[in-house]
Amino acid sequence: MENLKYGEKIIAEFDIDKDFEIWPNSANKDYAIKITLPEFACFCPRSGYPDFATIYLTYVPDKFVVELKALKLYINSFLNRHISHESSINEIYDTLDNKLKPKYLRVVGDFNPRGNVHTIIEVDSNMIKEQKYDTSSIVFENTRKFN
């Protein structure tokens, strides 16, 4: 790792258990934190082609908030990984949920189109808690309803 530039070295050495910093939430009320991370990148596990996305985080903190540089480094740690859209967003959700234990958490990955396919992956605390999926109201243009 001696030929790496300092940013590459920091990203390569990032350890989620050691380097992911959280701070006490000093507010005594509920409020939302919204974070946009427009430079997410990883590699497709099948083709090896790069995938790019904007990650949108919304959370209502309980006892902790995330330190933003640590969050940036965590997101950048996906840069050299071969991981699917679905797995990456679910991993980000699980990591933030486990580390912060927020009252509410929503993670959306809006992936750049590749091969004429635009993918948006969303995981939300309310989806997880409810565990019920009524797809009868989901309608996509030019397609049939799910039954």
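Including glycine, each Cβ sits where the backbone N, Cα and C put it.
No curator has checked TrEMBL annotations; they are predicted automatically.
A quick note: this is a predicted structure, and the numbers were derived from the prediction, not measured.
Secondary structure from DSSP puts Cys44 (active site, thioimide intermediate) in coil. Per TrEMBL, active site, thioimide intermediate is recorded for Cys44.
Residues or ranges marked as active site, proton donor in TrEMBL: Asp51. Secondary structure at Asp51 (active site, proton donor), as computed by DSSP, is strand.
Take the CB of Glu86 (substrate binding site) and look out to 10 A: across all protein chains shown you find 12 other CB atoms. Under the heading substrate binding site, TrEMBL lists Val66, Glu67, Leu68, His85, Glu86.
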Leu68 (substrate binding site) CB neighbourhood, other CB atoms within 10 A: 12
Candidate nearest Cys44 (active site, thioimide intermediate) in space, where candidates are the recorded positions Asp51, Val66, Leu68, Glu86 and distance is Cα-Cα: Asp51
Recorded positions: Cys44, Val66 - member with fewest neighbouring CB atoms within 10 Å: Cys44
Alpha-carbon distance [Asp51 (active site, proton donor); Val66 (substrate binding site)] in Å: 25
